[in-house]
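Take a look at the structure set out below.
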Amino acid sequence: MAHGQPRVGVMDSGEKRLNELGYKQELRREMTLFKTLAISFSTMTLFTGITPLYGSSLLYAGPATLVWGWIVVTFFTWFVGVAMAEICSSFPTTGSLYFWAAHLAGPKWGPFASWCCAWLETIGLIAGIGTQAYAGSQTLQSIILLCTGTNKDGGYYAPRWLFLCMYMGLTIIWAVLNTFALEVIAFIDIISIWWQVIGGLAIVIMLPLVALTTQSASYVFTHFETASESTGISNVVYAAILSVLVSQYSLYGYDAAAHLTEETKGADKNGPIAILSSIGIISIFGWAYILALTFSIQSEPKAQFGCQGRVQPKLLQDPSYLYDPTNETAGAFVPAQILYDAFHGRYHNATGAIILLFIIWGSFFFGGLSITTSAARVVYALSRDEGIPFSSIWRKVHPKHKVPSNAVWLCAVICILLGLPILKVNVVFTAITSICTIGWVGGYAVPIFARMVMAEKNFKPGPFYLGKARRPVCLVAFLWICYTCCVFLLPTFYPITWDTFNYAPVALGVGLGLIMLWWMLDARKWFKGPVRNIDIQNGKV
């Protein structure tokens, strides 16, 4: 503590640093490390990234690229996480990424850096709510289908209008829950972490045991094949790049802990711990989940004749039936078909598959709830600094619950608008996923790059400090983020038609173009980045 500052009671270390940075404590600082970790873990979630993209990633290049791609992406994700943990330790504020960008970029470039970072992060988080709502609706669609029969037995497959209603319903429920006191969200997220740990263990252990047959280790770890007849992509490098998208989409969201640092006790220490712990837990559980699904793909035994004419049974390792629109799950959701095949094959009913799908749906529900919490905090922080139109409305904190309820509902309304094309367009999830990933992960790049190039004498380290390792760590992290953003702009199917066009580049181009135009014509004249709401009488920040 600076010697010139009076000490009133025992000030939390995170609150002390917040005051030094020019912000007064407005939100309740009640969250422990475990609660913060629970929300961060829930934002990443075990199932939400892997489940909706597993089928397409398996189709592009087969199981080997899918399985080993997770390891590669995890390796580079640690560089990003470590770089962000160091910055979080020094700047424990709700604005997190854009606040970091402003201070790390210095007085000349700080406003522009924080402007870019704030809008990338806002776009990514709000689109992130949409990805959870879409995938949650997709899982619920499969649950309804299996509960009412199957696609082959006249089960009810929810049409587009009902799918959109489910999407909107989830978004509204998350907004309502986020309107209550933060303790309610923290309590739900504690349920979430146990739900995902226990449910994840149940699926990872149970699925291969229930499956009548399992794929060989050589197939899972070494088999590579393209599906050019389905995807239009025959180039093996291109197919492998697209196959790894599932891992790149799944392994982010750990910045949720940073959004809650103004509400976390000892945030300068517990924020970095929550970030790194989330990455570690998801890395292990995610790989185990991928392996469980891949080993449990069912194949029909085929008779093949050996060199001496004897019949040799062999599993036909062809997963194409998973995508067949006439199969039990209408070919719409590959993990649902894998679960159905495993349980129906052994028990001749779909009850077990429905229960596990409900566990997965719960993961989407908790993930969407946590992302809504993070998105609202970013909108609140940006509004507090006059960076959004009608900021006075969105920065209001509920007088009783002490949560930014107006910001919560703004995020919900925009998310619902993003989902309206569901009624007509087939590639909505691809586009929303790409927008979410590029915005969210792209927001990481700005403060990391600024940290890499800034003079070390201008950085006030927190308890977690990289020292001389910060430049190589930040360089690897920055290059990895740039690569990730680029590959999510690629077409995912050929030939390119209105049904297969990844319109994320157009949507992002128009959106970011308007934001940059606003900056050049008007915002640069008045937006100065984070605005202090407390006077610093002593010391220099």
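Any Cβ shown, glycine's included, is placed from N, Cα and C.
Here TrEMBL flags 33-55 (among others) as transmembrane segment.
Residues or ranges marked as transmembrane segment in TrEMBL: 67-100 (among others).
The annotation transmembrane segment is assigned in TrEMBL to 161-181 (among others). Non-local neighbours of the transmembrane segment (161-181) in the same chain are 129-130, 132-134, 136-138, 140-141, 188, 364-365, 368-369, 372-373, 376, 398, 401-403, 405, 408-409, 411-412, 415-416, 419-420, 422-423; each lies 6+ residues outside the stretch with a CB under 8 Å from one of its CB atoms.
Beyond the ends of the transmembrane segment (193-212), by six or more residues, the same chain brings 37-38, 41-42, 45-47, 285, 288-289, 291-293, 295-296, 298, 338-339, 341-343, 345-347, 352, 356, 359-360, 362-363, 366 to within a C-beta distance below 8 angstroms of the stretch. Residues or ranges marked as transmembrane segment by TrEMBL: 193-212 (among others).
Positions annotated as transmembrane segment by TrEMBL: 232-252 (among others). Same-chain residues lying 6 or more positions outside the transmembrane segment (232-252) and placing a CB less than 8 Å from one of its CB atoms are 44, 48-50, 53-54, 56-58, 60-62, 65-66, 69-70, 72-74, 77, 80, 224, 226, 279, 282-283, 286, 433, 437, 440-441, 444, 484, 487-488, 490, 492-495.
Feature annotation from TrEMBL assigns transmembrane segment to 273-295 (among others).
Residues or ranges marked as transmembrane segment by TrEMBL: 353-382 (among others).
What TrEMBL records for 403-423 (among others) is transmembrane segment.
Taking Cβ pairs closer than 8 Å, the transmembrane segment (429-453) reaches residues 52-53, 80, 83-84, 86-87, 97-98, 100-101, 104-106, 109, 113, 116-118, 120-125, 127-128, 130-131, 134-135, 138, 248-249, 252-253, 255, 418-419, 459, 470-471, 474-475, 477-478, 481-482, 484-485, 488-489, 492, 502-504, 507-508 in its own chain, all 6 or more past its ends. Here TrEMBL flags 429-453 (among others) as transmembrane segment.
What TrEMBL records for 473-494 (among others) is transmembrane segment.
Outside the transmembrane segment (500-521) by six or more residues, the chain places 112, 115, 119-120, 123, 426-427, 430-431, 434-435, 438-439, 488-494, 527 with a CB less than 8 A from a CB of the stretch. Here TrEMBL flags 500-521 (among others) as transmembrane segment.
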Cβ-Cβ under 8 Å with the transmembrane segment (403-423): same-chain residues at least 6 beyond its ends: 125-127, 129-130, 133-134, 160-161, 163-164, 167-168, 171-172, 174-175, 178-182, 372, 375-377, 379-380, 383, 393-397, 432
